[in-house]
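Trainee: Before we start, here is the structure in question, set down as structure tokens.
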Amino acid sequence: MGQKLFPYFTIPFCLMLFLSPLILPLVSSQLNYNFYDYSCPRLSMMVGFGVWSALQNDTRIAASLLRLHFHDCFVNGCDGSVLLDDPKYGSERNAFPNRNSLRGFEVIDNIKADVERYCPSTVSCADILTLAASEAVHRVGGPYWRVPLGRRDGTTANEMDANTQLPSPVEPLQNITAKFIAKGLDLKDVVVLSGGHTIGFAQCFTFKGRLFNFKGSGKPDPSLDSSSLSNLQSKCPNSDASNSNLVPLDSASTDRFDNSYYTNLKSKTGLLESDQALMGDPQTAALVNFYSTMNQNYFYNDFSASMVKLGNVGVLTGQNGQIRKKCEFVN
């Protein structure tokens, strides 16, 4: 059985369990959409300008800010710990998933400096990063979502936790889903937030195993389209020298946020093993099919809701944590 949303299109019953109505996502009671209305009323404008300025010089920065926010929230909560680079309190920047790949620190630092001039010791780095991720997605054609605010900054970073808690592009879907569930997220969030890979690039080493020696077989990944395989092998030759070469996660719309990521999965041209794995599970494949064929706004609405959920993970509020004056250092 199914529910018809449009003529001639029927949604399978399994999808009805996942789809949400087009409503504003739920907000943690600890956070507030109007938190800085009086203490820093120009905050959104300052963040927006900072992101816009960065995009003028680097079109990749939208994806970088989105990833930076994800990597912050997934390691012990959205507390700005990923921004720390203080030898006294640790750093997550050199964790394997972050080393030589995590970008956008200078954008957040510049926005923070502007905010401190107008609203000293008021706005957390965690909130600035969360706002910047939302602004970045919207600036490249993605959805706009209101960001609940009031996070405070953590005072420690943990490289070991970054190594173990962040999902890997070569992990089985079951493992990735377990990591999402541990953060209060679910299987639908795995599919929806993976859609963020419609922008940005990946280094060859993150998927090269699919091209030459998939799971020790000595052969390419059979789930990868043959023409895409040839193209990727030319960009990522089977040598260590190509490990850091960059390839678009979504070659159909590299700098534009849209739903083509899901179309790529259906045509077997997903770049990362963890992306293409979404087509190997009936529940996740049903969602991929839905987001690739239905109006893009359904994906946008669900992406916005999942981003708000992500931004609620492990937040510090009230008197917990602090408001860092500089995002790199504990006060």
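Here, residue 1 is simply the first one shown, and the rest follow in order.
Every residue gets a Cβ built from N, Cα and C, even glycine.
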Trainee: Pick from 98-122, 223-247: which range does TrEMBL record as region 'Disordered'?
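Mentor: That would be 223-247, the stretch labelled region 'Disordered' in TrEMBL.
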Trainee: Across all chains shown, how many C-beta atoms besides its own are within 10 angstroms of the C-beta of C119 (disulfide bond)?
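Mentor: A count of 17.
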Trainee: Sort out the sequence-distant neighbours of R67 (site 'Transition state stabilizer') for me: same chain, 6+ apart, CB within less than 8 Å of its CB, listed by position.
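Mentor: Listed in sequence order: L102, R103, G104, G196, G200.
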Trainee: Sequence gap of 6 or more, Cβ distance under 8 Å: name the residues on the same chain that satisfy this around C40 (disulfide bond), in order along the sequence.
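Mentor: Counting only residues 6 or more apart in sequence, the Cβ neighbours of C40 (disulfide bond) under 8 Å are V115, Y118, C119, T122, V123.
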Trainee: So among C125, P167, C204, C236, C327, all listed as recorded positions, which is physically nearest to H71 (active site, proton acceptor)? Use the C-alpha atoms.
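Mentor: Sorting the recorded positions by distance from H71 (active site, proton acceptor), the top entry is P167.
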